[in-house]
Ligand code: ADP
Ligand code: ASP
Ligand code: MG
């Protein structure tokens, strides 16, 4: 008998009908002779609504209480799902992250899983139950407080459980038919990818393709867990994310030169204006940011003006950390020494990802030409071996993504990508 882990995102369980539909799918998997563990997200936009609510009572809620609040969303869906399955005549038990043995560090709002001890899940499976686990949450090892894993964290819960239970596959059910060459909400002609390597998927996820979370893909690569991303609304095969290409017919699927285009409008840009051009300045700025436990993304330093010996340093970071970063820099202004700070949250990032970039000259040139033909101005550039990213105005992002997608021949000439549900929030 095989063991499968299935994860259903918020849009798949958005209402009672959705929960009943998903329950039927889960029962099918069980009837096919599998042991089934289900990880479920909060219904629809519940997590966003809880965040809005918290902000109405306190502008800076304490991390411990914030996590306690947010985990309530997944508790609702897990219990309802277990009820719906029982109603179909099958046994199911729901478990919180803590009960399922998801042990984390104690960094509230973005805790990392450090161990998974799924004893209770195993017992429940051995008794013939379907086990339903609340995604996105755990319990901290030292303080025993309830933690959350960061937005979209149910993907990580699913892969971590799949690894701990030695599952054959981790199925991620969502509101699109798999991983596409671009976000189907932006590019109607995006194509479904049959297979993608962990490496390319990591870059897409890190560049904003929220269909899979970066940490989840990292985890899957470390433990070599194949992920199958697919729709909970259709019966179609989705996208396999794994180390080795899958077989189609008697041939292996080939690695694409370009896997896709990702975009991200969740970042902001801070420019530190008038920084003395001498050793140690960049170090002082980024030490301040690091001490505030804020992750940054791109960094650019301008050439200093000869007359003044002053330069500007810009960097990007999650918008949600903008306020704290500005406060931290202002506090250390005397030590660092700069004139002023500029904050810009109207930026967007567009990234082209593909392992073939390493060996195909001209990819960068074609990428910039596509943006220029679309009349899009580039503000920052960064590259890795298999990715090129640029920062532009946020308003330009949809047009820029479509232009790059077409320029690299990624447009489908047959199907339109289907988005089955969700609000895209
Ligand atoms: P869930 O609630 O199931 O976790 P998410 O909203 O987190 O779903 O992720 C699914 C969404 O990811 C899709 O509706 C789509 O808009 C978005 N997305 C972004 N990039 C891609 C991509 N390359 N392929 C597929 N979906 C993508
Ligand atoms: N409910 C959480 C969120 O909206 C976790 C998840 O859906 O993966 O971010
Ligand atoms: Mg998600």
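Placed from the backbone N, Cα and C atoms, the Cβ positions cover glycine too.
The ATP binding site annotation in TrEMBL covers 7, 8, 9, 10, 174, 175, 185, 210, 211. The substrate binding site annotation in TrEMBL covers 47, 74. Among the features that TrEMBL reports, domain 'ACT' is placed at 270-346, 352-425.
Here the features listed in TrEMBL are painted onto the structure.
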residue: 7; record: ATP binding site; Cβ contacts under 8 Å, 6 or more apart: 38, 39, 40, 41, 135, 154, 155, 157, 158, 170, 171, 172, 173
residue: 9; record: ATP binding site; Cβ contacts under 8 Å, 6 or more apart: 41, 154, 172, 173, 174, 175, 232, 422
residue: 47; record: substrate binding site; Cβ contacts under 8 Å, 6 or more apart: 10, 41, 70, 73, 136, 151
residue: 74; record: substrate binding site; Cβ contacts under 8 Å, 6 or more apart: 40, 41, 42, 96, 97, 134, 135, 136, 137, 154
residue: 185; record: ATP binding site; Cβ contacts under 8 Å, 6 or more apart: 419, 424
residue: 211; record: ATP binding site; Cβ contacts under 8 Å, 6 or more apart: 174, 176, 179, 180, 183, 205, 229
Filtered binding-site residues, from 7, 9, 47, 211, whose Cβ is under 6 Å from an atom of ligand 3: 9
For the domain 'ACT' (270-346), the number of residues DSSP places in helix, strand and coil: 28 helix, 25 strand, 24 coil
Neighbour count (Cβ, 10 Å) for residue 174 (ATP binding site): 27
Entries of 7, 47, 74 (binding-site residues) sitting next to ligand 1, with Cβ under 6 Å as the cut-off: none
Tally of residues which DSSP labels helix, strand or coil - the domain 'ACT' (352-425): 29 helix, 15 strand, 30 coil
DSSP-derived class (H/G/I helix, E/B strand, else coil) of residue 74 (substrate binding site): helix
